[in-house]
Amino acid sequence: MSGVFITLEGGDGAGKTTQSTLLEEWLTAQGRVVVRTREPGGTDFGTEVREIVLHSRGFITPRAEALLYAADRAQHIATKVRPALERGEVVVQDRYLDSSVAYQGAGRVLDAEEIRELSLWAVEDLLPDLTILLDLDETAARARLDSADKPFDRLEAEKGEFHARVRAAFLALAEREPARFLVVDAAADPETIAASIRTRVAPLL
Ligand code: TYD
């Protein structure tokens, strides 16, 4: 039995957490051992980086921000994700390198190819078996975040136009690698979304 690496991507408020939970439950019912994790913050080191990158009060330059996400990623993949995959487990991860390409590349307007290369270097070229993109119009996403009544982090606090660029970048990434991506309409009801995810995941098991 070999490990399976699944990532969930999408804008803030797209429902990644709900879908990760449903997928984890289903995989566990299929008899698989699941490691549920996220970036930034999947390790102790990552939790400290997450605090800086999401909540630091001072200005962080775009390149420094990109390096912080990459540092979190390097530590996370080396110490948690690769070992789990080597044990034959299924890793269900909220956000991965596509988030960096979309947020730091398109959002912060750094060179998307350089951001991707930086991440690939950090993780020694590990790509997911499947990436689920929960696609949602940024206005609808913002309404969900508003109704959640939580203070915004540094990225969430960016303007609508930033999130529109992020969304377009995710869709372009999915178009470029159709074999790796499943794009789902995040405005659909959660059970419908979960069913289409299960259909795509089943052959990977
Ligand atoms: P997330 O954990 O999804 O936020 P929350 O727990 O509040 O739902 O992600 C935190 C933020 O970090 C999110 O706005 C996207 C951003 N991010 C990047 O900008 N680049 C990255 O490489 C990653 C992984 C996340």
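If you go along the chain as it appears here, the first residue is 1 and each next one adds 1.
In case you wondered, yes, glycine gets a Cβ from its N, Cα and C as well.
Annotated features in TrEMBL:
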- 8-197: domain 'Thymidylate kinase-like' (DOMAIN)
- G10, G11, D12, G13, A14, G15, K16, T17: ATP binding site (BINDING)
Below 8 Å Cβ to Cβ and six or more residues apart, same chain only. Which residues does that give for A14 (ATP binding site)?
L134, D135, L136, A141, A186
Per DSSP, to which secondary structure element type does T17 (ATP binding site) belong, with helix, strand and coil as the options?
helix
For ligand 1, which among the binding-site residues G11, D12, A14, G15 have a CB under 6 Å from it?
D12
Shell list (ATP; ref centroid = CB of G10, G11, D12, G13, A14, G15, K16, T17; cutoff 8 A):
L134, L136, A141, R144, A186
Secondary structure of G10 (ATP binding site) (DSSP, helix/strand/coil):
strand
